[in-house]
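Q: Handing you a structure now.
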Amino acid sequence: MIQVLLVTICLAVFPYQGNSIILESGNVNDYEVVYPRKVTALPKGAVQPKYEDAMQYEFKVNGEPVVLHLEKNKGLFSEDYSETHYSPDGREITTYPSVEDHCYYHGRIQNDADLTASISACNGLKGYFKLQGETYLIEPLKLPDSEAHAVFKYENVEKEDEAPKMCGVTETNWESDEPIKKASQLNLTPDEQRFIELVIVADHRMYTKYDGDETEISSKIYEIANDLNVIFRALYIHVALIGLEIWPSGELCNVTLSADDTLDSFAEWTKRDLQKRKRHDNAQLLTGMIFNEKIEGRAYKKTMCHWKRSVGIVRDHRTRPHFVANRMAHGLGHNLGINHDGDSCTCGANSCIMSATVSNDPSSRFSDCSLNQYSSDIIHNPYTSRCLYNGPWKTDIVSPPVCGNYYVEVGEDCDCGPPANCQNRCCDAATCRLTPGSQCAEGLCCEQCRFSTEGKLCREAKGDWNNDYCSGQSGDCPRNPFRA
């Protein structure tokens, strides 16, 4: 019998609030100190796993109690995830580490409209969550024999450089005569789920910046990938880390002050080297280089799935992984073909992912313009989406399945989320099985829990694709081949 694990951690607020402190996230003004105290509701004698699949944290923010629900990001790594390092004499060393019992989580604050949290539980609690529209960070205080953590607003972190920063992609502003749909009205369904199998490469400047600590670099990349999953949920895109590479002995492509030249050189390297030994949909270079003209990153536009140009480059900020993830998401957005936001585009935050100017308060949201462009055009473009159908599928994602996480995994017919949130009458949220009499729970060929009739048009021809028709045997809309 499968036992449901409930972990509650009570965080008692320290008797005082600090005014200023130097943390891993940087210099922080105005923070709260809390002490995690873990209480586990496990049967007597049960073996507690190192990192639970689901956890709950209760603590106070500004004197108000909140409940943080966390669930392990089971799809963070693909099944054939690998790490490539290099020996001092330049020999390539590729390993396939066991990543099933990792410590990276997604979550939400109970009863808060913004379902956003990204947390590492590897050594204490480190990450961010959204509460009442504001971004809060939590991280351990490095005190001897202490479980103390700091909780603080993102806006209270002193920025290393307040000057405006730019995206290196130009002439891509949103322009449309069509009325902009609100995000809640977009026709994005689980049937349109896509997957980006991502390789992240840390260059030699990253290696020297982190004093050769490859473990710290890898942890930073895991945090970034975990954040990317939170960001791309709105597009029904799952980002799976399929490879990580670190360059300890020197740059393997030309990394210069010019973001354009660096991007071109990295693209050439992926063509002549990476593609021959590691399948992937997209590769991103994380660099310690500070580019000219305050450029934070660069990416080719509308090149996702391209044999050579499905790449991007992003400047690292050591203390701000969420900021780096925001910039990498921006570049991936351009790879997909998403334009910069115009003045009329909104996302309910101070800035959105595809804003042309980089905000010091990074967003986790795509604007209504981005969502509209993606759902109405990009998702149906065979050139920029053809590689995003092939997984990792439910048989490829590492870690045991968990019912209620919105992902249909091995042994499940459907997954509409927790019972309190499920709005799909075809799916039993408690068991992730179809309800009695139902043939399907979702898909373009699923109507009122039954398969659509064979031959029904489910997706019109577009570009090089033929019309797609229901088979009568599945709720999914099968892809027909390219036109001759």
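Every residue number used here counts from 1 along the chain in the order it is shown.
Glycine too: its Cβ is placed from the backbone N, Cα and C atoms.
Straight from Swiss-Prot, here's the annotation block:
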{"type": "SIGNAL", "residues": "1-20", "note": "signal peptide"}
{"type": "MOD_RES", "residues": "Gln193", "note": "pyrrolidone carboxylic acid"}
{"type": "DOMAIN", "residues": "194-392", "note": "domain 'Peptidase M12B'"}
{"type": "BINDING", "residues": "Glu197, Asp281, Cys387, Asn390", "note": "Ca(2+) 1 binding site"}
{"type": "CARBOHYD", "residues": "Asn254", "note": "N-linked glycosylation site"}
{"type": "DISULFID", "residues": "Cys305-Cys387", "note": "disulfide bond"}
{"type": "BINDING", "residues": "His330, His334, His340", "note": "Zn(2+) binding site"}
{"type": "DISULFID", "residues": "Cys345-Cys369", "note": "disulfide bond"}
{"type": "DISULFID", "residues": "Cys347-Cys352", "note": "disulfide bond"}
{"type": "DOMAIN", "residues": "400-484", "note": "domain 'Disintegrin'"}
{"type": "BINDING", "residues": "Val402, Asn405, Glu409, Glu412, Asp415", "note": "Ca(2+) 2 binding site"}
{"type": "DISULFID", "residues": "Cys403-Cys422", "note": "disulfide bond"}
{"type": "DISULFID", "residues": "Cys414-Cys432", "note": "disulfide bond"}
{"type": "DISULFID", "residues": "Cys416-Cys427", "note": "disulfide bond"}
{"type": "DISULFID", "residues": "Cys426-Cys449", "note": "disulfide bond"}
{"type": "DISULFID", "residues": "Cys440-Cys446", "note": "disulfide bond"}
{"type": "DISULFID", "residues": "Cys445-Cys470", "note": "disulfide bond"}
{"type": "DISULFID", "residues": "Cys458-Cys477", "note": "disulfide bond"}
Q: Using DSSP, break the domain 'Disintegrin' (400-484) down into helix, strand and coil residues and give each count.
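A: Secondary-structure composition of the domain 'Disintegrin' (400-484): 0 helix, 16 strand, 69 coil.
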Q: Around Cys403 (disulfide bond), which residues of its chain at least 6 apart sit with Cβ under 8 Å of its Cβ?
A: Glu412, Asp415, Ala429, Ala430, Thr431, Cys432
Q: Could you tell me the C-alpha distance between His334 (Zn(2+) binding site) and Cys387 (Ca(2+) 1 binding site) in angstrom, no decimals?
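A: Given the Cα positions, His334 (Zn(2+) binding site) is 16 Å from Cys387 (Ca(2+) 1 binding site).
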Q: Taking every protein chain shown into account, which of the recorded positions Cys387, Val402, Cys432 has the largest tally of Cβ atoms within 10 Å of its Cβ?
A: Cys432
Q: Between the Cα atoms of the residue listed as 'pyrrolidone carboxylic acid' and Cys449 (disulfide bond), what distance do you get, rounded to the nearest Å?
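A: Distance between the two Cα atoms comes out at 19 Å.
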Q: Taking each of Cys305, His330, Cys352, Cys416, Cys445 in turn, which of these recorded positions have a Cα lying within 10 angstroms of the Cα of Cys387 (Ca(2+) 1 binding site)?
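A: Cys305, listed in sequence order.
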Q: Report the nearest neighbour of Glu197 (Ca(2+) 1 binding site) in space among the recorded positions Cys369, Glu409, Cys427, Cys470, Cys477, comparing Cα positions.
A: Glu409
Q: Show me the subset of Asn254, Cys369, Glu409 whose Cα is within 10 Å of His340 (Zn(2+) binding site); these are the recorded positions I mean.
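A: So far as Cα distances go, the recorded positions lying within 10 Å of His340 (Zn(2+) binding site) are Cys369.
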Q: Where does Glu197 (Ca(2+) 1 binding site) sit in the DSSP three-state scheme?
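A: Glu197 (Ca(2+) 1 binding site) sits in a strand per DSSP.
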Q: Using a 10 Å radius around its CB, how many other CB atoms surround Cys352 (disulfide bond)?
A: 23
Q: For Cys414 (disulfide bond), write down the residues of its own chain that are at least 6 apart in sequence and whose Cβ falls under 8 Å from its Cβ; none is a fine answer.
A: Val408, Asn424, Cys426, Cys427, Cys432, Arg433, Leu434, Ala441, Glu442
Q: Closest of the binding-site residues to Cys445 (disulfide bond), Cα to Cα, picking from Asp281, His330, Val402, Glu409?
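A: So, of the listed binding-site residues, the one sitting closest to Cys445 (disulfide bond) is Glu409.
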Q: Out of Asp281, His330, Val402, Glu409, point to the one nearest Cys440 (disulfide bond) in space (Cα versus Cα); all of them are binding-site residues in the record.
A: Glu409
Q: Measure from the CA atom of Cys422 (disulfide bond) to the CA atom of Val402 (Ca(2+) 2 binding site) and give the result in Å, rounded to a whole number.
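A: The Cα atom of Val402 (Ca(2+) 2 binding site) is 15 Å away from the Cα atom of Cys422 (disulfide bond).
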Q: Could you tell me the mean pLDDT over the domain 'Disintegrin' (400-484), as a whole number?
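A: Taking every residue in the domain 'Disintegrin' (400-484) and averaging pLDDT yields 81.
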Q: Taking only the Cα atoms, work out how far Cys470 (disulfide bond) lies from Cys345 (disulfide bond), in Å, as a whole number.
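A: Computed Cα spacing between Cys470 (disulfide bond) and Cys345 (disulfide bond) is 36 Å.
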